[in-house]
Amino acid sequence: MTDLSPVLTIDGPSGAGKGTVSRIVAARLGWHYLDSGALYRAVGVAASWADLDVSDPAALVRCTFDTRVEFDDAGEAGLRVLVNGADATSELRLETTGALASAIAAIPEVRSALKERQRAFRRAPGLVADGRDMGTVIFPDAAYKVFLTASAEERAGRRHKQLMEKGVSVIFDDLLREIMARDARDAQRVVAPLRPAEDAVLIDTSGMGIEDVVQRVVGLLADRAPL
């Protein structure tokens, strides 16, 4: 039987703040949380561990089916991710893993293989789904849809600050180029290109604090229908 629990989709490009906002909103609502990007990154980590060639789609599709991904949700504190039983949380957030995940996500067979795995997260009392095609492909019937965005410069600045605070030395211009390249890949791929759902509420997070965005999203849910 299809689960009809309510779903809030939060889509947007890398660095728009959707991951942090989604986790906090899910925790405050008491809903489940899906980080769809973590699934693709997990496959990327598994492919890296297996030393697979990113230009070999067949091998990556097999890797997708063979990879076991488990989420340990820590609420607002974040998400612990196990790949085939091993903790891969820190590796998932590396820039190299993100680039690999973006390339893998462009393979139609990989997206198809992960589609039902993502939909299985939908259960009572509700789900906050964070990604790039949550409102357009995975949960097109979601009652609540949000698309977060921000300028490439703003997003590169946020990522630069995060990495510097972690002691990781990185050049801002390099990050900006990577973000712009990823935006182009995500927008131009044939299957599930990055775009807002027609019924999504667009929020430009440039210059906004996380709490401001969270309150805006929670307010949208309260305005549209009782939870």
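Using the three backbone atoms N, Cα and C, a Cβ is placed for every residue, glycine included.
Values in this document were obtained by computation on a predicted structure and should not be read as measured data.
Copied over from Swiss-Prot, here are the features:
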BINDING   Gly12, Pro13, Ser14, Gly15, Ala16, Gly17, Lys18, Gly19, Thr20  ATP binding site
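Local packing around the Cβ, expressed as the count of other Cβ atoms within 10 angstroms, is greatest for Ser14 among the binding-site residues Ser14, Thr20. Around the Cβ of Ala16 (ATP binding site), the number of neighbouring Cβ atoms within 10 Å comes to 24. Every protein chain considered, the tally of other Cβ atoms within 10 Å of the Cβ of Lys18 (ATP binding site) stands at 29. The ATP site is set by Gly12, Pro13, Ser14, Gly15, Ala16, Gly17, Lys18, Gly19, Thr20; from the centre of their CB atoms, other residues of the chain with a CB within 8 Å are Val21, Leu148, Ala150, Arg155, Thr205.
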